[in-house]
Amino acid sequence: MSSGASVSALQRLVEQLKLEAGVERIKVSQAAAELQQYCIQNACKDALLLGVPAGSNPFREPRSCALL
């Protein structure tokens, strides 16, 4: 029973390695350039860079009623 589980685990490992071997690889310099370009293009939509408008911030402290 243990050898059956071992064979099954090895078969899964072989399948995983086949999948990983089929992944297209690119150079780190190319990946870094693409990532940098992506960040520059999407900086205008990044809430961490621009901040969240006070009116639409779901994490702000709730205000108390001014009438009370």
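Cβ coordinates are placed from backbone N, Cα and C, and glycine is handled just like the others.
Positions annotated as N-acetylserine by Swiss-Prot, on the basis of similarity to another entry: SER2.
Positions annotated as cysteine methyl ester by Swiss-Prot: CYS65. In this structure, CYS65 (cysteine methyl ester) belongs to neither helix nor strand by DSSP; it is coil. A simple way to gauge crowding: the CB of CYS65 (cysteine methyl ester) has 6 other CB atoms within 10 angstroms, across all the protein chains here.
Residues annotated as S-geranylgeranyl cysteine in Swiss-Prot: CYS65.
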